[in-house]
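Taken from Swiss-Prot as is:
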{"type": "BINDING", "residues": "THR226, SER227, GLU228, GLU280, THR379", "note": "L-serine binding site"}
{"type": "BINDING", "residues": "ARG257, ARG258, GLU259, VAL273, GLU344, LEU345, THR346, SER347", "note": "ATP binding site"}
Amino acid sequence: MIDLKFLRDNPDVVRASQITRGEDPALVDELISADESRREAIKAADDLRAEQKAFGKKIGQASPEDRPALLEGSNELKAKVKDAEAAQEAAEAKVNELQMKLSNVVSGAPAGGEDDFVVLETIGEPRTFDFEPKDHLELGESLGLIDMKRGTKVSGARFYYLTGDGAMLQLGMLMLAAQKAREAGFSMMIPPVLVRPEIMAGTGFLGDHSEEIYYLERDDMYLVGTSEVALAGYHKDEIIDLNEGPVKYAGWSSCFRREAGSYGKDTRGILRVHQFDKVEMFVYCKPEDAEDVHQQLLGMEKEMLAAIEVPYRVIDVAGGDLGASAARKFDTEAWVPTQDTYRELTSTSNCTTFQARRLQTRYRDENGKPQIAATLNGTLATTRWLVAILENNQQADGSVVVPEALRPFVGKDVLKPVKQAG
C-alpha cells in the first residue's frame, strides 16, 4: 500500500498514476476523504478519553454527597468513549480497505497498455533458417523431452511431463541460475508454496487478478504463482538489518497459476501452463537504493539469457500492464522462431515500499528510527525458457544443440531424436 502522507501531499501524482494504469482516479479522492474522517475520529476518541481521565480525577476528589451524580456522569462518558472508539475502528477499517485497493504509484513507466511498451535494448539477431523450423513441442516430443499427452491424461489441459533430457535441461538451467545467484551474494531458499491469505494480500496479488490464483478453501491457503510471495512474507512484522547493504534471496520453487483469463491462448506446448518451476530473485533494500538494485537484477537476467544463447530484447512495461505492486517493470523477451515474435522470459519489478508497508517489514535508518523497506523481484530462470532454447538451437536433422553453459548439467552437447514408446 502507498504511504498516506505521500497521498495527502501528492494527490495529483497518485491520480496521474491511476490514470496511467487505466484505473479509477476517483479512488484517490475517496481515500483522502476516508483518511480525513479517520483522523477526525481519532481526535474525537482521544478528546473523550482525556475528558474521561480528568473526570476520574474529579470523582476521586469529590465529597461523598457529590460522588453519586459524578458517577452517573462518568457512566455516560464511558458510553461515549466506547462509541467513539467504535467509530474510530470503523474509520480505520475503511481507510485500510481503500488503501488495499489502490495500486502502487507508477514511476518512470511509459503510459498505455499491454502493447505500449518501449524497447530499451535488442541483443542478438533472430536466426535465419535454411529449413522449416519446428516448434518447441514438436521438438520436445521427437527428442523425448516433453510429454503433453500423458500430462493431459493425468492432470488435464496445460499440464505436461518433462522427461529424460528435458528434465535435465530444466534442472541444469535452474542450477545454473542458483549458482549465479550465490556468486552474486544471494542466499538460496526453497520456500513454502502454500501461503496464508494475509501473505498473498500483502504482496498485492489478491486484486483484479486473484482469479489466477489457486485457493484451497478447506485450508484457507493459496498456492503461489511465484516464490516472490513467500520471500516477501519471510520478514513480515520484522525489522531487518540493511546497514551492510540489501538483503538478497533467491527462491527455487514450483509455481502454480490457474490461467483463468487465458482461455484459447497458447494452448500448444509449455508456454502457458498451470505448473512450472522457477528461480526468483528477491531483494530488500533502502528505498533510495531501489532503482540501482532494479538495474542489477536486470543485469543478472541478461547474464543468464546470454548463457542460454537466445536472441532477446528488453522492454520497459507500460503502466497499464503493471501488476498492482510494481512501480516499474522490465521484461526480457526471447525470439521464438515459429511464432515470428518475441515472448516474455523474465520480469523484474521495483515494488518500492508497497509490499513492505503491507507486510510491515522495516529497517532502522541512521538515527535508529524504523522505516519501511523497499522490495524488488526478478526471474532468473523458469520452465518456459525451454521454448526459446529448443527453437533457437534446433538443427536441420531435428537435433538441438545444448547451450554450452548447460552441458555440464545435461551431460550432452547435442540432443538427438529418439523413438517414442507408447
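In case you wondered, yes, glycine gets a Cβ from its N, Cα and C as well.
When the Cα of ARG257 (ATP binding site) is compared against those of the binding-site residues THR226, SER227, GLU228, GLU280, the shortest separation belongs to THR226.
The least crowded of the binding-site residues ARG257, ARG258, judged by other CB atoms within 10 A of its own CB, is ARG258. Compared over the binding-site residues VAL273, LEU345, the count of CB atoms lying within 10 A of a residue's CB peaks at LEU345. Cβ-based neighbour count (10 Å, all protein chains) for GLU344 (ATP binding site) stands at 16.
Within 10 Å of its Cβ, the residue among the binding-site residues THR226, THR379 with the fewest other Cβ atoms is THR226. Using a 10 angstroms CA-CA radius around LEU345 (ATP binding site), none of the binding-site residues in THR226, SER227, GLU228, GLU280 qualify.
In this view, the densest Cβ surroundings among the binding-site residues SER227, SER347 belong to SER227, judged by other Cβ atoms lying within 10 Å.
Maximum intra-site Cα distance, ATP binding residues ARG257, ARG258, GLU259, VAL273, GLU344, LEU345, THR346, SER347: 19 Å. Neighbour counts were taken as the number of other C-beta atoms within 10 angstroms of each residue's C-beta; across the binding-site residues GLU228, GLU259, the minimum falls on GLU259. Counting in whole angstrom, THR346 (ATP binding site) lies 13 from GLU228 (L-serine binding site) by their C-alpha atoms. Reported as a whole number, the C-alpha separation between THR379 (L-serine binding site) and ARG258 (ATP binding site) equals 19 Å. The Cα of ARG258 (ATP binding site) lies closest to that of THR226, out of the binding-site residues THR226, SER227, GLU228. The distance from the Cα of THR226 (L-serine binding site) to the Cα of GLU344 (ATP binding site) comes to 15 Å. The binding residues for L-serine are recorded as THR226, SER227, GLU228, GLU280, THR379; their greatest pairwise CA distance is 10 Å.
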